Amino acid sequence: MKPIKVGLLGLGTVGTGVVRIVEGHQEDLSNQVGSPIMISQILVKDRAKGRNIPVEGSKLTEDPWEVVRNPDIDVIVEVMGGIAQTKEYILEALERGKHVVTANKDLMALHGPEILEKARAKGCDVLYEASVAGGIPIIRTLIEGFSSDRITKIMGIVNGTTNYILTKMSQEGAAYSDVLKEAQELGYAEADPTSDVEGLDAARKMTILSTLGFRSNVSLDNVSTKGISSVTQEDIQYAKHLGYAVKLLGIAERQDDYISVSVQPTMIKQSHPIASVNGVFNAVYVHGEAVGETMFYGAGAGEMPTATSVVADLVAVVKNMKLGVNGRQAQLSYNVVKLKTDEQIASKFFLLLHVEDRAGVLAQIAQVFSNRDVSIESVMQPSTPNMSSTEIIIITHDASKAAMNNVLNDFESLSAVRKIKSVYRVEG
Ligand code: NAP
Ligand code: HSE
């Protein structure tokens with residue numbers, strides 16, 4: 001049987017896992033697809049670098065065009081990362097009729113529609129399961145498993161690095177910077193971890209999930225994004241005390257034809273299944289009109305979980321090759337994106353205020369909420385004896401984002417409020 005030849009772009013964390021699985025599971029894989037799968041060329045930045053697995057030196061190249069233009073290669077597996085150059089390589093590979101598997105959420109979130117369009121025109125597959133939530137097969141699930149339903153909400157912990165950091169801060173009282181360093185050493189974080197901690201990585205993944213879930217081309221600009229760098233140990237401890245966990249949540253919601261997509265540190269009730277997703281694990285909660293609540297859980301980053309998704313895509317491409325159906329994906333984005341306004345986006349909120357500790361202050365604060373038509377669910381004032389200032393914690397009932405912004409603006413000019421220390425969306 002003629003082997004299927006693969007050109008691997010990148011031999012870092014994920015690429016190494018891909019080689020391990022393709023070589024280690026060769027018999028199983030070839031039984032499934034009816035041909036051996038062979039990694040015939042590997043692009044790296046530095047051929048002289050030591051590798052964690054044995055690789056024949058003759059397979060390594062530093063020239064990307066040697067791989068993407070190699071006429072013997074059937075499938076390009078892109079696990080090198082990057083956007084502009086990588087897009088060029090992928091478009092060139094498609095132009096030459098090669099199928100593509102990628103783990104690159106940055107590329108797919110920004111240029112997915114263009115790349116998929118090119119693939120369709122050339123009769124090629126582009127599969128990207130590993131781009132969101134590492135080892136969880138959520139992309140295939142949204143495309144196929146939910147094809148009969150109308151999704152109303154997708155809520156996900158889709159960044160392993162930040163979940164690892166928040167878990168360690170919560171469970172061990174660890175310092176943010178120490179845990180970030182650990183996550184980098186474990187291969188979870190991006191080359192530049194700013195995109196993890198500032199929420200951009202999660203926003204890119206939510207762009208992909210909401211595009212698939214709402215069947216419309218959501219763009220990264222449509223995702224309101226805030227990361228975890230301002231989350232404090234104090235916030236986490238207050239959340240715990242009130243029965244919440246702090247998680248970086250991606251939340252995509254649809255009401256009628258209007259959608260909103262956001263990423264932000266969120267306080268979620270400890271009784272919600274997503275609140276107990278800890279460490280580098282990811283989870284995606286999906287609510288469909290017909291199916292109701294579902295949740296998908298697994299490792300969201302790291303060598304082997306991510307490589308499993310990449311190689312599963314490779315198997316799917318080869319099966320399609322055998323059937324002669326590559327590039328015949330259904331039209332996935334046929335709805336026009338209509339974004340909710342801030343008046344239409346509603347949730348509960350948590351506020352931690354630093355206020356003057358004297359008669360009448362609580363009444364002034366309550367008056368601001370009343371003026372802006374925001375209803376308070378609970379108020380807590382931890383005792384701070386012998387001080388002229390104190391902290392007040394307020395949880396609201398559902399309020400619009402616009403009304404909440406008005407409340408916060410009013411507090412800025414209220415002298416009794418010395419500082420708005422924290423504001424969180426509350427879920428569950
Ligand atoms: P990585 O460890 O940094 O590996 C990148 C690999 O690509 C390295 O082998 C590097 O070569 C090679 N490379 C990078 N730029 C190159 C260039 N310009 N020319 C030639 N070779 C180049 O990255 P990774 O963590 O495996 O991630 C790869 C992709 O998977 C990224 O898109 C990432 O977002 C995505 N992803 C990663 C994870 C994860 O858990 N790590 C999970 C899901 C998705 P050298 O080895 O010679 O430096
Ligand atoms: N840096 C990413 C994360 C890798 O921490 O989730 C997986 O996409």
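Residue numbers in this text run from 1 along the chain shown.
The backbone N, Cα and C atoms fix where each Cβ goes, and this holds for glycine too.
Taken from TrEMBL, the feature NADP(+) binding site applies to L9, G10, L11, G12, T13, V14, G15, T16. Per TrEMBL, NADPH binding site is recorded for K105. Here TrEMBL flags E190 as L-homoserine binding site. The feature active site, proton donor is assigned by TrEMBL to K205. Per TrEMBL, domain 'ACT' is recorded for 350-425.
Sequence-distant contacts of V14 (NADP(+) binding site), defined as residues of its own chain at least six apart whose C-beta falls under 8 angstroms from its C-beta, comprise V79, A103, A130, E303, T306, A307, V310.
Of all the recorded positions given, namely G10, E190, K205, those whose Cα is no farther than the 10 Å limit from the Cα of K105 (NADPH binding site) are K205. Cβ neighbours of L9 (NADP(+) binding site) (same chain, under 8 Å, six or more residues apart in sequence): G15, L43, P64, V67, V68, I76, V77, E78, V79, M80, T86, Y89.
Around T13 (NADP(+) binding site), the same-chain residues six or more apart in sequence whose CB sits under 8 Å from its CB are G187, G302, E303, T306, listed in sequence order.
Screening the binding-site residues L9, L11, G12, G15, E190 for a C-beta under 6 A from any atom of ligand 2 leaves E190. Considering only the binding-site residues G10, G12, G15, the Cβ with the fewest other Cβ atoms within 10 Å is that of G12.
Residues G10, L11, G12, T13, V14, taken from the binding-site residues G10, L11, G12, T13, V14, T16, are distinguished by a CB atom under 6 angstroms from ligand 1. Comparing E190 (L-homoserine binding site) with G12 (NADP(+) binding site), their Cα atoms are 12 Å apart once rounded. In this structure, L9 (NADP(+) binding site) is part of a beta strand by DSSP. G10 (NADP(+) binding site) and K205 (active site, proton donor) have their C-alpha atoms 21 Å apart, to the nearest angstrom.
With a cut-off of 8 Å between CB atoms and residues at least 6 apart in sequence, the same chain places K105, A109, S131, V132, A133, G156, V158, N159, G250 near the residue listed as 'active site, proton donor', listed in sequence order.
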